[in-house]
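Feature annotations, courtesy of Swiss-Prot:
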type	residues	note
ACT_SITE	263	active site
BINDING	194, 195, 196, 197	ATP binding site
REGION	1-318	region 'Ribokinase'
REGION	343-473	region 'Cytidylyltransferase'
């Protein structure tokens, strides 16, 4: 299944559900309390993040999709914090504020990236389902997907009215379910329970075959369009009537914190479907997104560049011949891992042993090596008629096959100065016997604090000499 980045900017999504504030107290621990055998945390940072349905909306907006949110809060500073954070993220939020009842707050005490304690401040909201439904119906115009983010806190009480209102407008409804009665989601386009939520409804599943059988039965009983069971380290399983089960393995490189992973799944699904992706592709994108977000601390969102880089890794474009856009994203990812970027350039018309040795030496100057080559017209201007011997596509393909080379890109000018201004490598490398100040682009790299190095060339290795020798014979 080939993946590509959807046009999220054309994918408006409406989220309705239980909003909450995830509050974090960060601090150091160096002693045990004399009052009880518990650690003493000296708080030095307080952080607020949107949680629940608000985190779903935040994730959708972070992908670049227009996001609207309807929910219930108290009339307090926690609601104000939520509203401010969502506004800053570009989410349009409409809160039904209830007097004399607090906004739901999940307070986590953190030390050294570990959660020591969670304290919940909440009372289920006894909202009037008609009032919330009226807010939603007025917002459905122009929306491409409706998400029901249900945490069982009271904001969603008339699920069927919302589902039917969306279906009448042919708007897909995605629901992240809670509780032991999934019949309230009857008629939804897709529900996304995790494995424990799913087994609470259908009973324990001994293997995948039983999971599929019970899932298909649930689909038919509830008239669901599809069922996606998220299974932690075992990945995800997508079930649809009339289609084979689709099992996707987990994509996480490192699991650091699973808080909010379900929110990331449904938000990526919603944005992708709203952008016109079919369901299997949307699920594959959601699986990639979940693999990224579990590597972050606490409730977190995945950004469009992060998802784009994950797609590139999935499609094998993490190395090799890249476009400028792909290269800049790959560089961002490498720098996020504190990797040093090395850049060299040339025509590389006929690759020989001298080139290979030089590129290995260049690669040793850092962690990632970019090789930029002159395109065919540029080589012809530099070397004269009859050059290049090999086309730019062939030259790039050969270079990309070398173990020392990470990324290959071409440029049309005589020199790579324009490319250097955009790439901004940490190290510019050139082969030859001239001074550093004579290296083309040295002034550009040195101006932003980069390093320029000149490496010696292997003797008796020259493309021009090889070409002349061939012509004489």
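Residue numbering: from 1, along the chain as shown.
Cβ atoms here come from the backbone N, Cα and C positions, even for glycine.
Apart from 194, 195, 196, 197, the residues listed for ATP, the same chain places the Cβ atoms of 193, 198, 199, 200, 229, 230, 231 within 8 Å of the centroid of those Cβ atoms.
When the binding-site residues 194, 196 are scored by other C-beta atoms within 10 Å, 194 scores highest. Between the recorded positions 197, 263, the minimum number of other C-beta atoms within 10 Å of a residue's C-beta occurs at 197. Across all of the region 'Ribokinase' (1-318), the predicted model scores a mean pLDDT of 89. Here the C-alpha separation of residue 195 (ATP binding site) and the residue listed as 'active site' works out to 15 Å. The binding-site residues shown are 194, 196, 197; of these, the one with its CA atom nearest the CA of residue 263 (active site) is 194.
The Cβ of residue 195 (ATP binding site) has 17 neighbouring Cβ atoms from other residues within 10 Å, across all protein chains displayed. Note on the region 'Cytidylyltransferase' (343-473): DSSP counts are 54 helix, 26 strand, 51 coil.
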